[in-house]
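What TrEMBL records for this protein:
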TRANSMEM  21-40  transmembrane segment
TRANSMEM  52-75  transmembrane segment
TRANSMEM  82-109  transmembrane segment
TRANSMEM  129-147  transmembrane segment
TRANSMEM  167-187  transmembrane segment
TRANSMEM  222-243  transmembrane segment
DOMAIN    805-1114  domain 'Aminoacyl-transfer RNA synthetases class-II family profile'
BINDING   D1027, E1034  Mg(2+) 1 binding site
BINDING   E1034  Mg(2+) 2 binding site
Amino acid sequence: MSSEQVIPKWQQRAAVWIGRAVLFAAVCSFIAVPVHLFAPEFVKDAEDVIEFFGIPAGHTFLSGVYLTVVGSALLRGKRAALLWVLFVFEGLWLLGQIVTVGFLSVLISNPNDPDFKKPGFADLGVSDLEWSIASLIVTLGMIWLLWRIRGAFPARLAPGTRRLAIFVLITGLAISAAASITLTQVFPHTLHGQRQKVGWAIFAALGQSKTRMGGDHSGHNWVGLSVGFLSALSLVIAFAIFLRSVRRVRYLSQTEELQLRRLLLQYGERDSLGYFATRRDKAVVFSPDNNAAIAYRVVNGVSLASGDPLGDPLAWPAAIQRWLAEARTYGWSPAVVSASEEAAHAYVDAGLRALAMGDEAIIDVADFSLEGRTMRPVRQAVTRAQRAGYHAEVRRHDDLSPAALQEYVKLAEKWRGAQTERGFSMALGRLGDPADARCVMVIARDADGAVRGLLSFVPWGVRGVSLDLMRRDPESVNGLMEFMVTALVDACSDLGLHHISLNFAMFREIFSDAERVGAGPVLRFTNALLTGASRFWQLESLYQSNEKYLPRWSPRLICYSRSASLARVLLAAGTAEGFLPAPRPWTRVDTTETAERHAIMAADGGQFTAAVRAQEEDLLRPALPDRRLTEQEQIRRTKLAELVAAGIEPYPVSVPRTETLERIQELHQNLPADHHTGHQVSVTGRVSRLRNHGGLAFAQLQDGLADLQVMLAADACGVEALALWRKLVDIGDHVSVTGEVVTSRRGELSVAVTGWVMAAKCLHPLPDKRKGFTDPEARVRQRHLDLVMNPDSLRMMRHRSTAVRALRNGFETRGFIEVETPMLQAVHGGANARPFITHINAYDTELFLRIAPELFLKRLSVGGMGKIFELNRNFRNEGADATHNPEFTSVEAYQPYADYHTMRELTRELLIEAATAVFGKPVVKRPDGELDISGEWPVITVHDAVSHATGVQIDSGTPCERLRELCAEHGVHVAFALSPGELVLELYDELVEPKTTMPTFYTDFPLETSPLTRTHRSDPRLAERWDLVAFGAEIGTAYSELVDPVEQRRRLTEQSLKAAAGDPEAMSLDEDFLSALEYAMPPTGGLGIGVDRVMMMLTGQNIRATLAFPFVRPTPRP
């Protein structure tokens, strides 16, 4: 039968229940030994029931051992055990039942036969015949069932076990019989004569010590029990030898190890323990497609795997099934230690069971910091080592010389001393092997340069490492391990590492939960037991040594086939990990052989190491993503190759250029047709159009907003150059042409080309010039293409640059100093808005992207900077639409001894100057034409504006109820808890601002809506603030700044209370700003203008059109 053959589930379950039934009979036999002494009839009835199914029951120790061995072999899938039960148990019982049925049939048909009236026969009757017939039928059914499920017992036997088992059994029984005869001769009890003594002794050696010899004559019970134990022991040893599995001493070959390393390079990021699968004392099973593998070692009849299967998770089930099939073939109990939750699900799906084993400690480098109270023990340990003069080196093994590596190997062996080398699932066992060049070594040296500690880590994919070896000099400073781990974390940025896997802590949850308040008595008792066991196996110390780093704990599980095998699996795992000695000499790993195999691999001329390095270089090289090219893109790439083949550099470092297209147009205006200027130039541009007319080739070059025609003729530039132009130049290419400035026959200004070179080859076709590039979404997402295809977009960018320059010049000419303030801020303040939140790993602190520079600029004003301004980028986490972008540009300015009236005049002058700089006159562009913005702009109070919009006169004293009624009448939805001032602002936002056209200043806002603004000098319910609104959008705002530190603290405290209550837009309390304000800030006018909004006002476009790269919803990643 093939090991790959699929066994039906019902057959597997039936096979398990057959083994359990035999073990149940064994347990009954053991129980019957003492019970038989005072309830023999009960024992006899129980034995009859068991024997009804063909299982030979008895009430001796020998019978119990005999059935235990057979039942255990059945549960392990031994084919020999099945045949033994089939032919010995059921076959012999069938023959016995056939004879019994025949005998009882004759007896019942001849009731008067005098031979059947003898003692023992008189009590037999029809019921006995019926019982025997039923047992016969059941036995036939058992035989059919056992034969039917024989495929569920594939486990083979080792060659020569039969002869050896028979020899051991005969020898053991002979020794038992000899001991029985000797003891009987010395202690005969009630036996008389050699016949009785020898006969009883032999029966006792065969487990029948209750046999009576001639009446009531028998030997001592203790003699029978003693020799029965010897016989049972002989039987156990004989059966163990007979049922011993084929044990293949097979380890990883070089080819298999290379395959494993390939899987690790492709899928190694999934499991931190994957690299330990390359231990050379393991065997391996691959999935049929070789895309997954399981490495294991056979220990005490357990096929023990560790970690997750390697490779593609989609191929895991096939690899698991192959591994389980092999375990069934050889009668091994399959088990897995240290499996992750993902792998445990795969093993459970394959029929195994899972049990929590412990947790693996993982340090995420980005989140690691020595700051904080909880990291104090680690920080103190690091400081202690540094004060003692210790320093650490972190190197890849490949960067260490062979001599240095050998020195470290010797030191590691020396520091280990007489302790057992532990590790199976989390240890590699070959420090210094040249094939492990990517491993990382941490070397700690003292002040004299002597090595005092070593840590070695194996690769965990590409971005992580997993602890392999930890050694320290017993004389080294305390806290050395913490020092080395911290040194590794510091070096991770240079090594490109993101994760560090440390030790594994068994029963971590028990230790952790026991420390919590309210831990129950069961948990505390379990914790006490484990604490006691930690004296021998370092359970609690491993947990504590890892917990100090505040790691991320990753659960690890143990998987096994059935509950009856769990004890055996735990014993095998303890043996493999080095916590327990091997119970039998032949179960120990041959360390000498493994060491010799290491030496062979290292001494093969370096071929294996070279193959490993070559594979790593091949698979670790970033693969270029597959791209599906259109036909046009493929054609252009073909032309790119032809350019190179023709000796033309497609992307040269520089090309000839003496004039710009715009300059040529300025120099040569109003020329007649077919005119030669004699002006030789070299110009560059992007080809926007190509035409061919007989022997002439025409192209339109575009450079910014200027374009110019070029003409190529064979007599001017040469036949070959013209042919190459026609063959290799496409629309979108950047070219440099040299020639005379002329006009064509139609009078178009042109360059008559005498030579050309490629400046940059375009690999994508441009959109059709006639159809244009008009899709708004595409224009935003491909802004580069929008600028190429739409001159208006390019013109807008130039207008923006001009406007910004005009604003900056306007401030500078008025004596303002430009300053810069932080963009990353520790406090959310400066405006009421939802901030973007980020995290600085170095200090484990939350930071905010700037929503406004106001508070920092005011601190500069306190310091005496005078008139200041800042052109800055701000960020508000409030979405994007036609008037808002999450990232925007603004200018803020502060002028001492000014107020909001002063800043209003300044703002009007600056915006008129910006419009003049952009358009040459003080106008703004609208869809229906230009509008003149020179002169004075309207100034209206907020309450007057709302009164005009609602038709109801309101002021700062209008009751809240009346304002709420106005909101309802005009469809303005408001929250019930809003104050009167906030209700006025809601009406303003809905009814006034959107309907404003010409630039208008709205002044004197309600005080509660302006926490950073000075109270109005004539009405304490108002604030000295204005908003500039034009064409439905707010352009800027200005305050008479609040410089009273006491009042400012009160207002910001109210804001912080709102923030604490859940308002995401409320400002936090900035203690640094308040403290600075207490040093006295002069009366100051403050101004803020949105640069993006200014461009919207000047050009009549939405905010997206005014930005080079407006925010758009990110495209989902594949």
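Including glycine, each Cβ sits where the backbone N, Cα and C put it.
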Review point. Under a Cβ pair cut-off of under 8 Å, which of the recorded stretches 21-40, 52-75, 167-187 contacts the transmembrane segment (129-147) most often?
Key: 52-75
**Study point:** For E1034 (Mg(2+) 1 binding site): intrachain residues, at least 6 apart, with Cβ closer than 8 Å
**Key:** E993, D1027, L1028, G1090, R1093
Point to revise | the domain 'Aminoacyl-transfer RNA synthetases class-II family profile' (805-1114) [mean pLDDT, rounded to integer] | key: 90
Revision key, fill the gap. Within 10 A of the CB of D1027 (Mg(2+) 1 binding site), the number of other CB atoms across every chain shown is 19
